[in-house]
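Listed features, source Swiss-Prot:
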ACT_SITE  TYR216  active site, proton donor
ACT_SITE  LYS220  active site, lowers pKa of active site Tyr
BINDING   VAL61, ASP115, ASN142, LYS177, TYR216, LYS220, VAL249, SER251  NADP(+) binding site
TRANSMEM  15-35  transmembrane segment
Amino acid sequence: MDGEVLANKSCCGAVVTAFSVIGIVFTILKFTSFASFVYKTFFAKGVKLSVYGAKKGYWAVVTGATDGIGKEYATQLAMSGFNVVLISRTQEKLDALAKELETVAKVKTRTIAIDYTKTTAETFEKLHQDLVGTPITVLINNVGQSHYMPTSFAETTVKEMDDIMHINCFGTLHTTKAVLSIMLRERQKNEKGPRCLILTMGSFAGLLPSPYLSTYAGSKAFLSNWSASLGEEVKKQGIDVWCFNSYLVVSAMSKVRRPTLTIPTPKKFVRAALSSIGLQRGGTNPYISQPYPSHAVMSWSLEQLLGSAKGFVVSQVAAMHLSIRKRALRKEARLQAQNQA
């Protein structure tokens, strides 16, 4: 009997010890994760743009370049010493921005007008031919479209659905395909030359289910996984790939006009983005980052702290989008009434 008691005590002691070790390891891992998050978000410095050939005659390609975040990428890259290929829909806007950058930043520019809702394989073959021979080291995949207003998938028009997928997915892949072959050729010619960068704009909608923006959310989730896959494929060839996710940014697409702690201006967001290349902020997924500090905090909190509560967050996102939809519908009704008066 005494032997059985001793055996039971020994077994219980082993179980307690095992759980204690597990608890200690879990605590250490959580603390390490938190410390890494704090360091990368608030203290670490990203890869310098000189690594990609800034001020050495190399070129950056920016899509969706004439408004909002895209315009800021083009402007800040030009001010950092890159010549810039500007791609957007409206030639008049392209010409105005090109003139501005040539005057202010003293760089070379090229403009290419592309309506990403109407592209074909021939569009991107022509783009590739137009860019062959240009020493491109940076591609910013910024062009994108969201829903006109939050709408259930059942009520989303076929045109809006197709445009979102055509621009965000088809357009981004084909633009990257056209530019990547040029980058690879440059790297093969000069392995000791600057590295190359492919940076694609993602969204929080791709991190977390976004009811009433379902098509847009799906397109951004696709870009996250595609970027991570591509990043692993080309890293040994001297090409860095990142998907930068943002929460809301003041822009025409977000329909937000005033900046807040969590909603930066395009200038602030892009400044944070270009200074945090190479830093995996706000999450654990490789090649994916939330470069703006408050966005990184939000993302890390969702990933590390909420766990099963993510379902509650999704329901709150749905409620927020429904509220936005109601306000948009009221505004439309008000404008319609004014026009009829």
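All positions are counted from 1 along the displayed chain.
A Cβ is built for glycine as well, from the same backbone N, Cα and C atoms used for every other residue.
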Candidate with the highest Cβ count within 10 Å, taken from the binding-site residues ASN142, SER251: ASN142
Largest tally of Cβ atoms lying within 10 Å of a Cβ, found at which of the recorded positions LYS177, LYS220: LYS220
Maximum Cα-Cα separation (Å), residues VAL61, ASP115, ASN142, LYS177, TYR216, LYS220, VAL249, SER251 listed as binding NADP(+): 28
Minimum Cα separation from LYS220 (active site, lowers pKa of active site Tyr), reported as the residue among binding-site residues VAL61, ASP115, ASN142, LYS177, SER251 that achieves it: ASN142
Cα-Cα distance linking the residue listed as 'active site, proton donor' and VAL249 (NADP(+) binding site), given in Å to the nearest integer: 16
Winner by Cβ contact number (other Cβ atoms within 10 Å) across the recorded positions VAL61, ASP115, TYR216, VAL249: VAL61
Length of the line joining the Cα atoms of ASN142 (NADP(+) binding site) and the residue listed as 'active site, proton donor', in Å: 14
